[in-house]
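Worksheet for the structure shown next.
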Amino acid sequence: MPPSLSHLFLLSTFASLALCSFYCKNPGYPCLNGGTCLYNGECNCTSGFRGFNCGLDSSTISAACTVECHNKGICFNGDKCYCTKDYMGPTCQQAYDFADCNKSSMKIKAYRPTEFNGEIFLMQSMFGCKLTEVTSTIPGYKQYELDVPHDSTGPCKLKKTIDATTGDVHFEVNVSTIHHAGQFGMYDGLKTVSCHYSSRDQAIVKDVTNHELLVSVTTSDGNTQNIQEIQTNDVIHLTFNPVNLPGGYKGVKILDLEMYSVQWNEVNSILLLKDQCMTQKADELGYSVSNEVDGYSGRAILKAIPLFENVQASVYFNYRLRFCRNRCKIKSCPSQSPKPMPMGEIFKHQGQGIRIV
């Protein structure tokens, strides 16, 4: 007999989460004009406003405009441009991430909101190849730069390819942004910045955010079999395996872990781990979360408990990790308070007891 819906626990880890450059839960990326930040990092705008951050008043959109808005920007008030999430500037001409393709070097540049307190670095080295903050040329934004010579042989070396037919030279590098210093989360980004030397075109920036480039995530049962559905109260092993970490790093451990589910436009979520330790709420609800390291991998072991009662709904996980130079160590967490025994009724034992000797 197939299990009833109340006993079926579906897993859909990470696959449907949209990875983008705007995530309203990151510092410096608020929803404007009364908009609400949703569980997936997108803004739900109030009536009359639109745009990725609800920053555009629909009543001000102009059919006729005295300026040209680039990169799919929208003209409003007749002479101003509302930009998409990847561009900025008076006419949306400036990308947040770009490079100056100089004769002998590639100067990588990035703009971030003034509230940004994270780090931007080349994937080869989180510490040796950081972009440093400089005086910003655009008010209201921080500006970061790193100038890398074409012939660099150090940790910040560029990837160089030469077209055998045309002789064109191509340089590229992967640039990572993390919004919390020393940590990596679901909505931190990775972009490829490149310079192509033939007609000296503007640098090309491609969003290649795919967290499987850094870590692979697997869900399995206690027998290490990969799973997509599991019985309620069975055990889930959620493992983060390092794949291509920034230079100098080998291990991964879990800092924060959140589980959530969406049903009928309602979101239920629970924070399972905070700063490496099981939360009191998770303990009270019986999730029994264990945070471990297995070699160089980080692993959370938890009990499968649905977030909606009597409903077959997939669950998703959001996470924040820390990379380690070798095998990670999990800090010692305080023990949760013992639960008081009920005294108002006679105990009714379920099943055969276990004798501890």
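A Cβ is built for glycine as well, from the same backbone N, Cα and C atoms used for every other residue.
Taken from Swiss-Prot, the feature signal peptide covers 1-20, and the record attributes it to sequence analysis.
Secondary structure of the domain 'EGF-like 1' (21-55) per DSSP, as helix, strand and coil residue counts: 0 helix, 6 strand, 29 coil. Swiss-Prot lists 21-55 with the feature domain 'EGF-like 1'.
The C-beta environment of Cys24 (disulfide bond), restricted to residues of the same chain at least 6 apart in sequence and closer than 8 Å, consists of Pro30, Cys31, Cys37, Leu38, Gly41, Glu42, Cys43, Asn53. Summarising the annotation, Swiss-Prot assigns disulfide bond to Cys24-Cys37 (among others) and lists sequence analysis as the type of evidence.
Counted within 10 Å of its Cβ, the other Cβ atoms near Cys43 (disulfide bond) come to 23, all protein chains included. The feature disulfide bond is assigned by Swiss-Prot to Cys31-Cys43 (among others).
Residues within less than 8 Å, Cβ to Cβ, of Cys54 (disulfide bond) and separated from it by at least 6 positions along the same chain comprise Cys31, Leu32, Asn33, Gly34, Gly35, Cys43, Cys45, Thr46. Marked as disulfide bond by Swiss-Prot on the basis of sequence analysis: Cys45-Cys54 (among others).
Sequence-distant contacts of the domain 'EGF-like 2' (61-93) (same chain, six or more residues past either end, CB-CB distance under 8 Å): 20-22, 51-53, 55, 111, 138, 141, 207. Annotation source Swiss-Prot lists domain 'EGF-like 2' at 61-93, citing sequence analysis.
The local packing around Cys75 (disulfide bond), expressed as other Cβ atoms within 10 Å of its Cβ over all shown chains, amounts to 20. Annotation comment: Swiss-Prot describes Cys65-Cys75 (among others) as disulfide bond.
Taken from Swiss-Prot, the feature disulfide bond covers Cys69-Cys81 (among others). In the three-state DSSP scheme, Cys81 (disulfide bond) is classed as strand.
Long-range C-beta contacts of Cys83 (disulfide bond), restricted to its own chain and to partners at least six residues apart, with a cutoff below 8 Å, comprise Cys69, Asn71, Gly73, Gly89, Cys92. Annotated disulfide bond per Swiss-Prot: Cys83-Cys92 (among others), in sequence order.
Of the listed disulfide-bonded residues, namely Cys31, Cys65, Cys69, the sparsest Cβ surroundings within 10 Å are found at Cys65.
Cys75 (disulfide bond) sits 5 Å from Cys81 (disulfide bond), counting Cα to Cα. There are 21 other CB atoms within 10 A of the CB of Cys92 (disulfide bond), with all protein chains counted. Listed in sequence order, Val67, Cys69, His70, Gly73, Ile74, Cys75, Pro90, Thr91, Cys92 are the same-chain residues at least 6 apart in sequence whose CB falls under 8 Å from the CB of Cys81 (disulfide bond). If you average pLDDT over the domain 'EGF-like 1' (21-55) in this model, you get 91.
When each of the disulfide-bonded residues Cys37, Cys45 is scored by how many other Cβ atoms sit within 10 Å of its Cβ, Cys37 comes out lowest.
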